[in-house]
Amino acid sequence: MDGFKDLINFITRPTLMLTFAMFSFPFFFPVNDWFDKWNKRLKLNLLWTKGGLITVMLGLVLFFLVGLEDSDFRLIVFKPDNVPIVGLIFLVYFFLWVSMKQAVDNDVQLQSGNKPNEYNDPDDKVLVWPDLVYVEFICLILCTCLLLVWSIGLDAPLEEPANPAATPNPSKAPWYFLGLQEMLVYFDPWLAGVVFPTIIVIGLMAIPYLDRNPEGSGFFQYKNRRFAISIYIFGWIILWVMLIVIGTFLRGPNWNFFGPFEYWDLHKLEPLTNINLSEIIYIKFLNTGLPQNILLREIFGIFLVIGYFLILPPLFAKTIFKRIYEQLGNFSFGVFVFLVLSMMSLPIKMYLRWIFNLKYLIAIPEFFFNI
C-alpha cells in the first residue's frame with residue numbers, strides 16, 4: 001500500500017504529470033493520420049467504447065476507494081469545497097466519452113459509405129407531453145434528492161468573518177476559480193485574471209468561425225475536424241481542468257506541491273529564488289548591474305515576446321500550418337495563430353519557472369507591467 005501511495009505521489013508531481021499529458025495528448029486525440037495510426041495501434045480508440053467507459057469509471061472508483069483509506073487523502077477529498085472536483089473528474093470523462101463515441105461511431109459509418117447516426121433525427125419527433133416533461137420531472141426529483149443528501153452529509157464551506165490578522169494556509173479560491181489562481185503563480189494578475197480569461201472566452205467562440213471545413217456539419221464527427229476538436233480539448237482538459245485538479249489536490253500549505261497521499265506539513269519549505277530574464281542576462285551572464293534605462297533593461301524580453309507573436313506566425317504559415325493558412329487566409333489565420341500561441345504561453349511559462357526559476361520575461365514594476 002505504501003508503495004502504491006509513493007508511486008501516485010511521484011507520478012502526480014505537476015512537472016511529470018503535465019509533461020506526460022502534453023506529449024501523450026495527440027495519441028489520445030490524433031491531429032493527423034500518423035497519430036491516428038498510433039492511436040489505433042495502441043488501442044487508445046477503445047476508450048470511446050462502452051468497455052472503455054466501464055474500465056475508466058471502475059478504475060477511478062477503485063482509486064478513490066483505495067485512496068480513502070489514507071487519512072491525508074480522505075481529508076482532502078471530503079473537504080466540502082473539494083467534493084465538486086471529485087464529481088467533476090467523473091463527469092468530464094463521461095461527457096467527453098459521450099461526444100467522442102458519437103463522433104467515432106459516425107466516422108465508422110461514413111467510412112463504410114453509410115449515413116451518420118443523426119441523419120434521420122429531423123424525422124424523429126418526441127412529444128413534449130408526456131415524454132419530455134416526465135423525463136425532466138424525474139431529473140428534478142433526482143437532483144433535489146442529491147442536493148438534500150449533499151447538504152445534510154456535508155457542512156457548508158462557510159467560515160467565520162474574515163480576520164486580517166489570521167490568513168488561512170493554504171488560502172484557496174473557490175474551486176471554479178482555482179484554475180485562475182494557479183495561473184497567477186506564473187503570470188501577473190492583469191494577465192491571469194483579465195487577459196487570459198477574455199482570450200479563453202473569445203477563443204472558444206471563434207473556433208466555429210475559424211473552422212471552414214464544410215464537412216461534418218450537423219452531426220458528431222472527429223476525423224474531418226481533428227485539428228479544431230483537439231485544440232479545443234487540449235485547452236479545456238490540459239490547460240483548465242488539470243489546473244483545477246492541481247489546485248485542489250496538489251497545492252497545500254505555503255502553496256507548495258504535495259502528493260495526494262502526502263501529509264500537508266505546514267513547515268515544509270522549498271526555498272526558490274525566482275528571477276527575471278533581465279537579471280539572468282545582466283547579472284548572471286554579463287556580471288554587470290541592471291541598467292537604469294527601462295527599455296535597455298528589458299530589451300531582451302521585449303524582443304522575445306515580439307518575436308513570439310510576430311515572427312512565429314509567418315514561419316508557421318510556411319511550415320507546419322501551411323495547409324491551414326491556405327484554407328483560412330491572412331486574417332483568420334492570424335487570429336488562429338494568436339489564439340494558439342496565447343494558449344501555449346501558459347505551459348511554456350510553467351516550464352520556464354520550473355526549470356530556470358524564471359519569474360518574468362518583461363518586468364517593469366515602475367508601471368505595473370510584467371509578462
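For all residues, glycine too, the Cβ spot is worked out from N, Cα and C.
Some features that TrEMBL has for this protein:
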- 15-35: transmembrane segment (TRANSMEM)
- 47-68: transmembrane segment (TRANSMEM)
- 83-100: transmembrane segment (TRANSMEM)
- 113-247: domain 'Cytochrome b/b6 C-terminal region profile' (DOMAIN)
- 132-153: transmembrane segment (TRANSMEM)
- 190-210: transmembrane segment (TRANSMEM)
- 231-250: transmembrane segment (TRANSMEM)
- 294-316: transmembrane segment (TRANSMEM)
- 328-348: transmembrane segment (TRANSMEM)
Would you say the transmembrane segment (231-250) and the transmembrane segment (83-100) are touching, if the rule is that at least three C-beta pairs must lie under 8 angstroms and be 6 or more residues apart?
yes
Quick one: do the transmembrane segment (190-210) and the transmembrane segment (328-348) reach 3+ CB pairs under 8 Å, ignoring pairs fewer than 6 apart in sequence?
yes
Looking only at residues six or more beyond either end of the transmembrane segment (328-348), which have a C-beta under 8 A from one in the stretch?
18, 22, 183, 186-187, 196, 199, 203, 206, 209-210, 212, 231, 234-235, 238-239, 308-309, 312-313, 316-317, 321
Same-chain residue ranges lying at least 6 outside the transmembrane segment (294-316) that approach it to Cβ under 8 Å:
276-278, 281-282, 325, 333-334, 337-338, 341, 345, 360-364, 366, 371
